[in-house]
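Peer 1: TrEMBL feature annotations, pasted as is:
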type     : residues : note
TRANSMEM : 23-46    : transmembrane segment
DOMAIN   : 39-290   : domain 'G-protein coupled receptors family 1 profile'
TRANSMEM : 58-84    : transmembrane segment
TRANSMEM : 90-118   : transmembrane segment
TRANSMEM : 130-155  : transmembrane segment
TRANSMEM : 194-219  : transmembrane segment
TRANSMEM : 240-263  : transmembrane segment
TRANSMEM : 269-292  : transmembrane segment
């Protein structure tokens, strides 16, 4: 019987004892979501309408904004529906689709962050060749490769879960669907899914993090060869925004992974907060960081206001 293998739906997690506060939590999440949508749409609009920003660095920033919009929109409206209208159930198919989108978009964002690190490396270490190496055509190809890489690596995740039988418990640890969370509810051998999920994360996010660190080691070596501290600080300051964005992405990702691996005995509130931070905080912070650090975007925002 197919109904014995795959549940018709899962139950999204609520915080025991705080059900009465869901309305106010939803207000906070909704405010952050509106801020994320407004900020990222502003970045897309400014780069599109400002010819001086039609350069690889800002095209990568547009990719980042589009990914953050898609990632937050694929989860937050469903979370708000749960908090405001108590619609705790999410269908099995919708859960797998949401899970695929979350992990795939995260992989694409990781690849774009790596591409931005390479852009900073070329701009600082090989400034005369920067325009020839990172052309607009190359930037578009990098975006397409990032999309293909994310889809190819993370499409097998829902496919591996699809044939698994699930136990009677259907309650997730978060207000949305993640691979580790759904996999833990299966009452069968999940070793293939565990191994593939870990391999995919290491080959995408793990490898990207190593290459980003390597690029900054090379950047630091080039910066330290400059004659004065003033020149060093001026050159390295062009990387500050990207470093902050990388931290805003990887710190919640690592925190969520640690909670899933070692935090089984933690309060449900910790799981839910870490999940919401992972989904929303990068989307909120990225346009703010680049808005503060990029003078062209600052001027354009002031002109719009």
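Cβ atoms here come from the backbone N, Cα and C positions, even for glycine.
Because TrEMBL annotations are produced automatically, they should be read as predictions rather than curated entries.
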Peer 1: Residues sitting near the transmembrane segment (90-118): Cβ under 8 Å, six or more positions beyond its termini, same chain?
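Peer 2: Hits for the transmembrane segment (90-118): 6-10, 12, 57, 60-61, 63-64, 67-68, 70-71, 74-75, 78, 134, 142-143, 145-147, 149-151, 153-155, 157-158, 161-162, 176-179, 182, 200, 204-205, 208-209, 211-212, 215-216, 242, 245-246, 249, 253, 279, 282.
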Peer 1: Who are the chain neighbours of the transmembrane segment (269-292) in space, where the CB to CB distance is under 8 Å and they lie at least 6 residues beyond its ends?
Peer 2: 13, 15, 18, 29, 32-33, 35-36, 39-40, 42-43, 61, 64-65, 68-69, 71-72, 75-76, 79, 102, 109, 173-176, 178, 241, 244-245, 248-249, 252-253, 255-256, 259, 263, 298, 301
Peer 1: State the non-local partners of the transmembrane segment (58-84) in its own chain: residues 6+ outside its ends, Cβ under 8 Å from one of its Cβ atoms.
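Peer 2: That would be 12, 14, 22-23, 25-26, 29-30, 33, 36-37, 39-41, 43-44, 47-48, 90, 98, 101-102, 105-106, 108-109, 112-113, 115-116, 119, 136, 139-140, 142-143, 146, 175-176, 245, 276, 279-280, 282-283, 286-287, 290.
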